[in-house]
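**Student:** Sending over a structure as structure tokens; questions will come in a sec.
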């Protein structure tokens, strides 16, 4: 299905929880505890069926930290039939669940790992965890075939300095892609960095442009060790023109854009749910451009993860 601007909606990001076991300095939720508003696995199954009815082909599960949900496996099983089901995670619990996730039908994962420097990692995540926990999770994901594993790195003046070491730590693993993500908004105690800063820190690379989806190409580079590096600029260039996704919040509301306010969806009548989704998609606009002069973090609260 296409919206009024001719963009085909092909994917949905579902935030299954706002709970998190970290309090990352750049996260707009900062580990905030929600009320009892999370949808059940069955309710997610119903919403996903409605998404399939309007032509959505890919599902990305986000949070919060999705692995905190005890019924995550059931949610993944309810996504059967889509072309791709992926998961965004901080990775610290991934080693324990990778096998079950793969068996349930998960195709691949995005894992957040901004640095392998232990002190800096704890400063960024404000947690008791270590980069070693995340690396074990990445290794387990690769072993279970949840590839390509995209390793998300939020760029700051400090994480840029540790990028070469991070690449060295992961160099022996196949099936990885590094994503250099420019942060949205300010980061307390840190100076944001640009993708070009990260590329310079990585040293020699050979540029190759790779079209990753219709309407949209991101710069992709290949390091001398063969690892692909993808540049993600969330609010730059043709972001809105290229957008082919919709979002559903942890409490079952629709967002046509990360920056948009959530809209309610019917809970009881499935036909009405499908009709409402179609109407929301049909009238989807370039919300970022509309709200360019407002607070980024203010527009993002109420979720859905931008990772």
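Any Cβ shown, glycine's included, is placed from N, Cα and C.
The GTP binding site annotation in Swiss-Prot covers 13, 60, 150, 245, 246, 247. The feature [4Fe-4S] cluster 1 binding site is assigned by Swiss-Prot to 20, 24, 27, with sequence analysis given as support. Annotated S-adenosyl-L-methionine binding site per Swiss-Prot: 26, 64, 112, in sequence order, evidence recorded as sequence analysis. The feature [4Fe-4S] cluster 2 binding site is assigned by Swiss-Prot to 240, 243, 257. Among the features that Swiss-Prot reports, domain 'Radical SAM core' is placed at 4-222.
I'm curious about the neighbourhood of these features; can you describe it?
**Tutor:** Counting every protein chain shown, the Cβ of residue 13 (GTP binding site) has 23 other Cβ atoms within 10 Å.
Residue 20 ([4Fe-4S] cluster 1 binding site) carries neither a helix nor a strand DSSP state and counts as coil.
A coil conformation is recorded for residue 64 (S-adenosyl-L-methionine binding site) in the three-state DSSP classification, outside any helix or strand.
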**Student:** Looking only at 24, 246, 257, the binding-site residues on record, which one has the least crowded Cβ, with the fewest other Cβ atoms within 10 Å?
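**Tutor:** Minimum Cβ neighbour count within 10 Å, taken over the binding-site residues 24, 246, 257, occurs at 24.
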**Student:** Can you give me the average pLDDT across the domain 'Radical SAM core' (4-222), rounded to a whole number?
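**Tutor:** Averaged over the domain 'Radical SAM core' (4-222), per-residue pLDDT gives 91.
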**Student:** Cβ distance under 8 Å to residue 26 (S-adenosyl-L-methionine binding site), same chain, sequence separation 6 or more: which residues?
**Tutor:** 124, 154, 156, 183, 185, 187, 190
**Student:** Quick one: among the binding-site residues 64, 243, which has the most Cβ atoms sitting within 10 Å of its own Cβ?
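**Tutor:** Result for the most crowded candidate: 64.
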